[in-house]
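> Heads up, here are the entries from TrEMBL:
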type: COILED; residues: 230-257; note: coiled coil
type: COMPBIAS; residues: 588-624; note: compositional bias 'Basic and acidic residues'
type: COMPBIAS; residues: 625-635; note: compositional bias 'Low complexity'
type: REGION; residues: 582-644; note: region 'Disordered'
type: REGION; residues: 664-683; note: region 'Disordered'
type: TRANSMEM; residues: 6-21; note: transmembrane segment
type: TRANSMEM; residues: 33-52; note: transmembrane segment
type: TRANSMEM; residues: 109-132; note: transmembrane segment
type: TRANSMEM; residues: 152-171; note: transmembrane segment
type: TRANSMEM; residues: 183-207; note: transmembrane segment
type: TRANSMEM; residues: 384-401; note: transmembrane segment
type: TRANSMEM; residues: 431-452; note: transmembrane segment
type: TRANSMEM; residues: 472-493; note: transmembrane segment
type: TRANSMEM; residues: 529-548; note: transmembrane segment
Amino acid sequence: MSGAALGLEIVFVFFLALFLLHRYGDFKKQHRLVIVGTLLAWYLCFLIVFILPLDVSTTIYNRCKHAAANSSPPENSNITGLHATATPGPSQHPCFKPWSYIPDGIMPIFWRVVYWTSQFLTWILLPFMQSYARSGGFSITGKIKTALIENAIYYGTYLLIFGAFLIYVAVNPHLHLEWNQLQTIGIAAANTWGLFLLVLLLGYGLVEIPRSYWNGAKRGYLLMKTYFKAAKLMTEKADAEENLEDVMEEVRKVNESIKYNHPLRKCVDTILKKCPTEYQEKMGRNMDDYEDFDEKHNTYPSEKSLVKLHKQVIYSVQRHRRTQVQWRILLEQAFYLEDVAKNETSATHQFVHTFQSPEPENRFIQYFYNPTVEWYWECLLRPWFYRILAVVLSVFSVIVVWSECTFFSTTPVLSLFAVFIQLAEKTYNYIYIEIACFLSIFFLSICVYSTVFRIRVFNYYYLASHHQTDAYSLLFSGMLFCRLTPPLCLNFLGLTHMDSSISHQNTQPTAYTSIMGSMKVLSFIADGFYIYYPMLVVILCIATYFSLGTRCLNLLGFQQFMGDNDMTSDLVDEGKELIRREKRKRQRQEEGENRRREWKERYGHGREDSTRNRNVHVDPKESSLSDLTTTRSTSKYTRANNRTERDRIELLQDVEPLDFNAETFTDDPLESKSERYQPGGRYLSMSRTGIFDDV
């Protein structure tokens with residue numbers, strides 16, 4: 001089993017990162033370099049989290065083996081019986097290899113490759129790829145040039161700081177730094193930046209994750225929040241459609257001005273390929289390819305303006321497609337939550353759906369997850385499961401907050417993570433050690449990474465599921481993961497006292513700590529910032545619990561979901577009306593399809609059968625005479641029957657009826673007072689959109 005656990009986790013983490021990237025990215029439409037760069041960044045960060053417990057168990061075994069080798073044998077080696085085994089100390093305990101033992105020399109090389117690759121990605125490659133992906137250039141050379149120009153200030157700042165530091169070291173005669181010490185200073189600077197952001201995200205996740213599950217168990221909470229999201233998403237959807245129309249109008253003007261033999265026509269064709277299909281067809285019909293561009297003395301756009309337009313087209317099309325997909329998904333979610341609310345009072349204990357799923361379900365799922373099981377899970381078991389899970393996660397959050405505030409105390413040991421690991425270390429229970437380490441660092445990672453997936457900064461950074469995340473946001477998430485994971489692992493080792501700089505013990509460090517170097521070079525960071533700054537998580541947890549950030553955003557005009565706010569109630573009512581209109585529209589569509597199906601089954605087959613029977617019983621000799629007689633006798637009814645048949649068919653054509661506004665038609669006349677529209681046809685949520693929608 002030597003090294004087998006390491007190999008299995010390497011393969012498992014790769015498929016985990018690939019699954020998550022497939023959920024958020026689009027392998028078919030996005031550039032391969034973007035997919036590979038993001039996958040590599042996510043894979044390396046997840047790999048560090050999963051492999052670190054194996055490093056801890058291997059380090060504990062090496063410490064035991066080292067202590068057993070250095071312990072001197074007792075003076076009377078012939079003593080046996082109770083005196084020889086009465087009080088076995090740690091050095092006398094048999095040091096057996098753990099099942100996941102990794103041979104010496106492998107882990108240092110492994111950590112060095114993983115760490116420096118992730119740092120190269122986050123500080124050099126991914127920022128360059130961000131600018132390259134966002135560039136509107138028409139050639140690889142142009143995109144590379146734009147990316148270098150945009151990152152010149154970014155890279156120049158780092159080079160300036162590092163050069164000034166080297167000059168200071170060279171001038172000061174009291175400082176004699178070697179290469180290893182300079183390397184340690186660079187690692188400390190990167191970890192300090194990451195720890196600063198880590199505590200902010202961790203303070204939010206420790207409170208918000210348990211609270212989200214607790215609120216999810218409340219009846220009607222998820223439905224009200226879905227209504228709120230529907231109102232905001234409809235506003236964003238309308239803005240995206242309007243923005244796309246404006247950009248397509250600019251493309252149309254450029255397409256009409258630049259003809260087929262213009263030098264910039266290739267650039268225009270590249271822009272047209274990025275436009276939606278319906279706009280391409282409209283612009284193609286209005287294009288006169290036989291008109292020479294030199295015949296009219298028009299002002300033509302420059303290549304820089306086309307590059308800017310190309311960039312706007314890519315952004316507007318991506319945003320429009322994302323809002324359309326998110327709107328359809330949100331509608332399905334709202335319909336399902338409304339079904340859950342209706343089925344809670346069902347006496348038959350059978351879950352009934354208002355709309356059937358358009359995709360056929362698996363037979364295996366239909367057999368085990370039948371309507372009865374679905375009713376018991378959605379209406380009875382799921383709320384209680386969410387409550388229990390919220391309590392368990394709250395206990396973990398309290399343990400993390402307590403340990404973050406007390407992990408610097410070594411005598412006595414106050415960090416609960418360190419207490420658990422040291423108790424297991426005395427008995428050398430490696431399985432318990434690995435499980436405890438994995439659960440601890442996994443919970444910390446979930447609190448941090450989930451915040452990265454939830455946060456949204458305008459339309460600058462936003463991770464949208466169902467393959468709707470743009471390339472810039474994917475690369476930015478990879479940068480954040482690579483910068484947050486190393487300080488997260490160092491913080492975990494400090495909580496468990498596996499870091500010698502925290503425990504102040506002369507013991508063998510973990511392989512991960514050894515590649516970080518000794519922080520004694522920068523004592524004010526090792527003894528000050530790394531110890532006292534994580535205590536700030538207490539203040540952040542309190543601020544998150546009382547929703548101070550959400551309240552501040554509401555005061556600034558950015559609507560956030562809050563139960564005790566009038567604006568939230570207005571947006572919930574607006575979203576409820578939008579969902580009700582979409583529900584009526586879908587019901588009419590299904591009713592029209594059912595009527596057409598019934599008409600075909602009732603009249604279509606009957607007419608065919610009667611015609612077939614009539615042809616069978618008619619005598620061939622009398623066919624001509626009967627046809628003539630039938631034609632003459634029924635000629636006066638033909639037009640009337642055809643007209644009646646056409647009327648019936650037209651009634652069943654299911655032409656989309658006019659969707660009346662609530663001002664002219666409502667199911668309940670009392671509901672007309674609850675309309676929340678502003679003059680000019682705009683929704684209340686049109687004022688501000690974008691920033692921190694879920695935070």
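Glycine is no exception: its Cβ is also placed from the backbone N, Cα and C atoms.
Given the structure is predicted, the values throughout are model-derived calculations rather than measurements.
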> By Cβ distance under 8 Å, which residues at least 6 away from the ends of the transmembrane segment (384-401) in the same chain are close to it?
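Beyond its ends, the transmembrane segment (384-401) has Cβ neighbours at 202, 206-207, 209-211, 213-214, 216-217, 416-417, 443-444, 447, 495, 537-538, 541.
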> At a C-beta cut-off of under 8 Å, are there same-chain residues at least 6 beyond the transmembrane segment (431-452) that contact it? List them, or none.
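Counting only partners 6 or more residues beyond its ends, the transmembrane segment (431-452) has Cβ contacts under 8 Å with 49-50, 52-54, 56-57, 60, 98-100, 198, 201-202, 204-206, 208-209, 393, 396-397, 400, 417, 420-421, 424-425, 463, 477, 480-481, 484, 488-489, 491-492, 495-496, 695.
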> With pairs fewer than 6 apart in sequence excluded, do the transmembrane segment (6-21) and the transmembrane segment (183-207) have three or more C-beta pairs that lie under 8 Å?
no
> Tell me, roughly as an integer, the mean pLDDT over the coiled coil (230-257).
93
> Under 8 Å for C-beta pairs, could you tell me which stretch among 6-21, 33-52, 529-548 has the largest tally with the transmembrane segment (472-493)?
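Stretch with the highest Cβ contact count: 33-52.
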> Go through the chain and flag residues at least 6 beyond the ends of the transmembrane segment (33-52) whose CB is under 8 A from any CB in it; none is fine as an answer.
6, 9-10, 12-14, 16-18, 20-21, 25, 27, 110, 114-115, 117-118, 121-122, 125-126, 129, 133, 437-438, 441-442, 445, 471, 474-475, 477-479, 481-482, 484-486, 488-489, 492-493, 512
